[in-house]
Amino acid sequence: MTALYWQTIGEGDRDLVLLHGWGLNAEVWSCMLERLTPHFRLHLVDLPGYGRSQGFAAMSLEQMAEIVLDAAPAQAWWLGWSLGGLVASQIALTQPQRVHGLITVASSPCFAAQDDWPGIRPEVLSGFQHQLSQDFQRTVERFLALQTLGTESARQDARLLKSVVLNQPMPSVEILNGGLEILRTADLRQSLAGLSLPLLRIYGYLDGLVPRKVAGLLDVSWPHSSSIIIAKAAHAPFISQPDEFAEIIGTFVAENGICRQNAQ
């Protein structure tokens, strides 16, 4: 049986869908709940094949976006972290009329490094795919450790991420490989350049997976969007700097919500 895990909580009147990253599940947002629920109606989703959304086969980015969108409210703000940022971006491209605004966190429209583009070396992503079949759990743990590297609370944050994975059903090797394949091959740089809805990109200064150079490059090629780099954060800024992160989200939605209402 395939069923998408979807939990809705919060006292606010604005819908905000939160999409997690590779290998994880919606529990990764636990530290943000008390900060966001007074202001938003939060939609916590386990992406297809991850956490409690079991029974799905590996799929393309477009297929994943379609499945998530089918369960979503008619209109919402969308926030995607890492791989979730690609899914949220694809949703904004597919059905922009259903997206009030898009927030990507430690994400890139093109995760794989290219000659003119900073990112993860393709052979590193391919290596992770190979290692999954050799030592599943250790490979996932290595990837999680990379996400917090360099922060003041790196060990504590890595333990939190590990507990998020272990406390819910584990994704299969097929699902994890499929996610890495999306990270290795997706390139939404040109597609998103034409997006006209509010777009905020949040980065961690210490992020070893999405280099901060990406922020400057997209500032130039996507002038309609804005970016913020959180100084002491790595790949999971909402875990290492939750108060600053929540303030950034609240400000962006408040400012752009007013702009959207005035434009309608």
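Using N, Cα and C of the backbone, Cβ positions are placed for all residues, glycine too.
Since the structure is predicted, the reported quantities are computational estimates derived from the model, not experimental observations.
Taken from Swiss-Prot as is:
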ACT_SITE  SER82  active site, nucleophile
ACT_SITE  ASP207  active site
ACT_SITE  HIS235  active site
BINDING   TRP22, SER82, LEU83, PHE143, LEU144, ALA145, LEU146, GLN147, HIS235  substrate binding site
DOMAIN    16-240  domain 'AB hydrolase-1'
Taken over the domain 'AB hydrolase-1' (16-240), the model's mean pLDDT: 95
Residue from TRP22, LEU83, LEU144, LEU146, HIS235 whose C-alpha is spatially nearest that of ASP207 (active site), among the recorded positions: HIS235
Separation of alpha carbons, HIS235 (active site) and LEU144 (substrate binding site) (Å): 10
Residues TRP22, SER82, LEU83, PHE143, LEU144, ALA145, LEU146, GLN147, HIS235 [recorded substrate binders]: greatest CA to CA distance in Å: 16
Rounded Cα-Cα span from HIS235 (active site) to LEU146 (substrate binding site), Å: 8
Cα separation, HIS235 (active site) to LEU83 (substrate binding site) (Å, whole number): 12
Cβ packing number for the residue listed as 'active site, nucleophile', 10 Å threshold: 28
DSSP three-state assignment for LEU83 (substrate binding site): helix
Listed in sequence order, residues with CB under 8 A of TRP22 (substrate binding site) and six or more positions away: SER82, LEU83, PHE143, LEU176, GLY179, LEU180, LEU183
